[in-house]
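Student: Sharing a structure below in structure tokens format, with a few things to ask.
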Amino acid sequence: MERNVILAKNAGFCFGVKRAVDEAIKYQKEFGKKIYTLGPLIHNNDVVNYLEDNNIFAIELSDADSLKKGDVVLIRSHGVKESVIKDLTDKGLIVKNATCPYVTNIQLKVKKCYEQGYKIIIVGDKNHPEVIGINGWCNDSAIITNGKTELENIPAKVCVVSQTTEKKETWNKVLNEIVRASKEIVAFNTICSATDVRQKSVQELSKEADLVFVIGGKNSSNTTKLYEICKKECPKSYHIENVKELDESLLEDESVKTIGITAGASTPDWIINEVISKIKEL
């Protein structure tokens, strides 16, 4: 049956993620030995396996104690607390920083405003490594909200930033709450421009598609948010990690004429292309 398969604009690797993967490969070749990343370099199991094949391994911060002087540690795109970089360097480790420049920008804004006496509010997931890292640039003192419950006791002088992959509607909701309660507000909409474009693109795509596949790691924040946006517009939206999770029975529905494909910022082109090729085969 003839079907229309549409790939969303800006699907797949974002600038920061591609840069981190490229840096990891570059340093492995440069040093000619194992490279350690603090946590998975990106939230995609297929890419993590690819990196391991290239002698690049994820470790937890606690594992750094067992590393030897001269071992190479790469800070991933999500970034880390300011103190972590100092601690690793003090251990005699070679520290290479692949923090996404957009995240670095947030970290520096937070540090400056915190030093100027502003209470920091971060709109995002308190358990996400990016948010944990940002909080470390204001002495772990930030108020962190995901917008699901109203903020209480909002200080009079605040600086507001966002996780780069946050939904714009959540940012706007929280900011409106703060505007009603605070007298002095410095607000930086730090949602990554690529995230914003990606979210708008999938919203439009899911309006015209009968079926949507959102490709990306199940532990990927931005992929999950894309899936949530798609599900609102197209009930037949499914989050899959790769072609192995493609449920072929979904394609047997003859009412499905247009299939939308999008992918998170941690999903490489080859995984996207495998899914598209499989759909076209069926």
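Just so it is clear, glycine is given a Cβ too, placed from its N, Cα and C backbone atoms.
These came from Swiss-Prot, pasted as-is:
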- C14, C100, C192: [4Fe-4S] cluster binding site (BINDING)
- H43, H78, H128, T164, S220, S221, N222, S266: (2E)-4-hydroxy-3-methylbut-2-enyl diphosphate binding site (BINDING)
- H43, H78, H128, S220, S221, N222, S266: dimethylallyl diphosphate binding site (BINDING)
- H43, H78, H128, S220, S221, N222, S266: isopentenyl diphosphate binding site (BINDING)
- E130: active site, proton donor (ACT_SITE)
Student: Looking at the binding-site residues listed here (H43, H78, T164, S266), whose Cα lies nearest to that of C14 ([4Fe-4S] cluster binding site)?
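Tutor: It is S266, whose Cα lies nearest.
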Student: Taking 8 Å from the centroid of the Cβ atoms of H43, H78, H128, S220, S221, N222, S266 as the cut-off, which other residues in that chain fall inside it around the dimethylallyl diphosphate site?
Tutor: I42, E130, T165, G217, N219, T223, G264, A265
Student: Report, as a single number, how many Cβ atoms besides its own are within 10 Å of the Cβ of H128 ((2E)-4-hydroxy-3-methylbut-2-enyl diphosphate binding site).
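Tutor: Summing over all protein chains shown, H128 ((2E)-4-hydroxy-3-methylbut-2-enyl diphosphate binding site) has 21 other Cβ atoms within 10 Å.
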Student: Between C-alpha atoms, which of these recorded positions comes nearest to H78 ((2E)-4-hydroxy-3-methylbut-2-enyl diphosphate binding site): C100, E130, C192?
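Tutor: Result for H78 ((2E)-4-hydroxy-3-methylbut-2-enyl diphosphate binding site): the nearest of the recorded positions is E130.
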Student: When the Cα of S221 ((2E)-4-hydroxy-3-methylbut-2-enyl diphosphate binding site) is compared with the Cα of each of the recorded positions C100, E130, C192, which one is closest?
Tutor: E130
Student: Which residues, sitting 6 or more apart from C192 ([4Fe-4S] cluster binding site) on the same chain, put a CB under 8 Å from its CB?
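Tutor: C14, G16, C100, Y102, T164, T165 - these are the non-local Cβ neighbours of C192 ([4Fe-4S] cluster binding site), listed in sequence order.
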Student: Express the distance between the Cα positions of S266 ((2E)-4-hydroxy-3-methylbut-2-enyl diphosphate binding site) and E130 (active site, proton donor) as a whole number of Å.
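Tutor: The separation of the Cα atoms works out to 14 Å.
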Student: Listed (2E)-4-hydroxy-3-methylbut-2-enyl diphosphate-binding residues H43, H78, H128, T164, S220, S221, N222, S266 - what's their greatest C-alpha to C-alpha distance in Å?
Tutor: 15
Student: Starting from the [4Fe-4S] cluster site formed by C14, C100, C192, give every other residue of that chain whose CB sits within 8 Å of the mean position of their CB atoms, in sequence order.
Tutor: F15, G16, V17, S77, Y102, V103, T164, T165, A194, T195, A265
Student: For S220 ((2E)-4-hydroxy-3-methylbut-2-enyl diphosphate binding site) and E130 (active site, proton donor), determine the Cα separation and express it in whole Å.
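Tutor: Between the Cα atoms of S220 ((2E)-4-hydroxy-3-methylbut-2-enyl diphosphate binding site) and E130 (active site, proton donor), the distance comes to 12 Å.
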Student: Once the chains shown are all counted, how many other Cβ atoms turn up within 10 Å of the Cβ of S221 ((2E)-4-hydroxy-3-methylbut-2-enyl diphosphate binding site)?
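Tutor: Its Cβ shell of radius 10 Å holds 26 other Cβ atoms.
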Student: Measure from the CA atom of N222 ((2E)-4-hydroxy-3-methylbut-2-enyl diphosphate binding site) to the CA atom of the residue listed as 'active site, proton donor' and give the result in Å, rounded to a whole number.
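Tutor: Rounded to a whole number, the Cα-Cα distance is 12 Å.
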Student: Could you check the binding-site residues S220, N222, S266 and say which one's CB has the most other CB atoms within 10 Å?
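Tutor: It comes out as S266.
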